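Student: I have a structure here, written as structure tokens, and I will follow up with some questions on it.
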Amino acid sequence: MSTAKDPGNGVYEILSLIFDFPSNEQRLWWHSTAPMFAAMLDNAGYSVHDQYRHLSIFKTHIIPFLGVYPTKGQERWLSILTRCGLPLELSLNCTDSVVRYAYEPINEMTGTEKDPSNTLPIIGSVQKLAQIQAGIDLEWFSYFKDELTLDESESAILQDTELVKEQIKTQNKLALDLKESQFALKVYFYPHLKSIATGNSTHFLIFDSVFKLSQKHDSIQPAFQALCDYVSRRNDSSEVDQHRALHARLLSCDLIDPAKSRVKIYLQEQTVSLPAMEDLWTLGGRRVDASTMDGLDMLRELWSLLKVPTGHLEYPKGYMELGEIPNEQLPSLVNYTLHRNDPMPEPQVYFTVFGMNDAEISNALTIFLQRHGFADMAKKYRVFLQDSYPYHDFESLNYLHSLVSFSYRRNKPYLSVYLHTFETGRWPVVADSPISFDAYRRCDLSTK
């Protein structure tokens with residue numbers, strides 16, 4: 001059994017004594033996820049005041065939008081955010097020590113006749129966050145929501161014709177980047193259902209929505225055109241090799257003044273290999289400036305350390321069962337940021353490490369961080385992750401890391417990890433709490 005200290009350095013424990021919860025569902029969500037959240041804030045160097053603020057926001061404004069607490073066999077809304085349909089995921093920028101989390105807003109109407117495709121809760125969630133954080137602007141939120149998610153008539157068409165028989169129905173999610181005491185809000189759109197309803201591909205819907213936006217905000221046109229040219233060349237060559245095709249999967253933007261907001265287009269790469277990563281990074285050889293090549297050297301180093309298996313892969317159509325141990329590998333992912341008045345889009349590549357050994361991934365990341373001047377995070381990272389799941393056999397786990405992302409700008413690497421966030425810390429902390437991921441637990445907690 002782990003002898004690690006309680007995650008959160010006391011902030012989680014103190015708030016747990018203070019908080020009242022309107023339902024047992026929200027109480028379970030708090031005790032399942034807040035220990036890891038608190039520990040991440042502490043390890044990333046947030047002041048104790050900022051830790052209290054962000055955890056309080058999480059309890060008050062986020063947990064009410066997470067829906068029923070997931071247990072095996074219980075009917076619930078499944079979110080594309082994680083492979084087992086959990087609607088919440090913590091992430092950590094290891095090089096900037098910035099904590100983030102993403103969630104798909106859910107409420108009691110989600111999945112019912114009143115809102116079969118979960119279109120509405122995100123509106124209420126955004127409005128609540130806009131009341132407590134200055135600078136949130138909803139212009140681009142409204143634009144992309146109209147362009148990429150179902151309207152009422154389209155939703156009715158899908159239900160009446162039973163066109164939607166697949167499990168994956170997520171249309172949008174929100175993410176908060178926590179910056180000292182404040183947060184920056186981002187939105188992500190998945191137009192898969194819109195594609196089924198309209199007959200237009202997800203790829204077309206995403207690129208068409210950005211094209212129309214660029215007619216009004218022409219400063220993003222150079223980068224957008226460069227991306228279009230690259231994707232067109234790749235997809236034309238897919239007639240010879242089908243695995244070379246790039247498919248747009250989702251889009252995100254910052255919910256701030258449109259004059260400052262960034263648009264990011266996410267593409268799925270079916271070929272998992274170093275040459276494929278290099279092609280994504282350089283836009284097929286079009287980005288060859290000194291900074292790009294410095295970043296490419298680090299990308300190659302990270303690839304070597306992580307030892308991601310190669311192959312031609314497709315994304316699964318359904319979800320894993322809650323508590324199921326993964327035996328799969330996923331395609332790679334890349335996003336391109338369209339900066340204003342920049343002739344080239346900026347890449348961020350994602351290593352899909354879900355299903356790989358978490359101890360080995362932690363060791364690889366530690367080495368990378370040590371080599372590049374992030375000794376403090378290198379020292380803390382593995383300990384933090386082990387302490388977040390103290391009753392598990394850490395050496396055997398293979399589902400804590402879902403993604404490792406990498407970008408390079410202003411002459412430094414940006415490395416982030418996306419982490420399984422469920423039943424963390426000393427779970428269960430309340431009697432008769434469910435235990436879902438128990439395959440690698442070190443002890444029987446039934447008497448504790």
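Placement of Cβ uses the backbone N, Cα and C atoms for every residue, glycine included.
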Student: For the substrate site that Swiss-Prot lists with Lys186, Tyr188, Arg262, Lys264, Tyr266, Gln348, Tyr350, Tyr414, Tyr418, give the additional residue from the candidates Arg27, Arg53, Arg76, Arg100.
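Tutor: For the substrate site that includes Lys186, Tyr188, Arg262, Lys264, Tyr266, Gln348, Tyr350, Tyr414, Tyr418, Swiss-Prot also lists Arg100.
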Student: Looking at Swiss-Prot, which one out of Arg249, Arg286, Arg287, Arg300 binds L-tryptophan in the same site as Ile80, Leu81, Glu89, Tyr190?
Tutor: Arg249
Student: Restricting to the same chain and to sequence separations of six or more, state which residues have a Cβ under 8 Å from that of Tyr414 (substrate binding site).
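Tutor: For Tyr414 (substrate binding site), the qualifying residues are Asn93, Thr95, Asp96, Gln348, Ser405, Phe406, Ser407, Tyr408.
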Student: Consider each pair of residues in Ile80, Leu81, Glu89, Tyr190, Arg249, all listed by the record as binding L-tryptophan, and report the largest Cα separation in Å as a whole number.
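Tutor: Max span of the L-tryptophan binding residues, Cα based, is 18 Å.
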Student: If you count Cβ atoms within 10 Å of the Cβ of Glu89 (L-tryptophan binding site), leaving out that atom itself, what do you get?
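Tutor: 23, counting other Cβ atoms within 10 Å of Glu89 (L-tryptophan binding site).
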Student: What whole-number distance in angstrom separates the two most remote CA atoms of the substrate-binding residues Arg100, Lys186, Tyr188, Arg262, Lys264, Tyr266, Gln348, Tyr350, Tyr414, Tyr418?
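Tutor: Pairwise Cα check on Arg100, Lys186, Tyr188, Arg262, Lys264, Tyr266, Gln348, Tyr350, Tyr414, Tyr418 gives a maximum of 21 Å.
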Student: How far is it from Tyr190 (L-tryptophan binding site) to Lys264 (substrate binding site), counting Cα to Cα, in Å?
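Tutor: That comes out at 13 Å between the alpha carbons.
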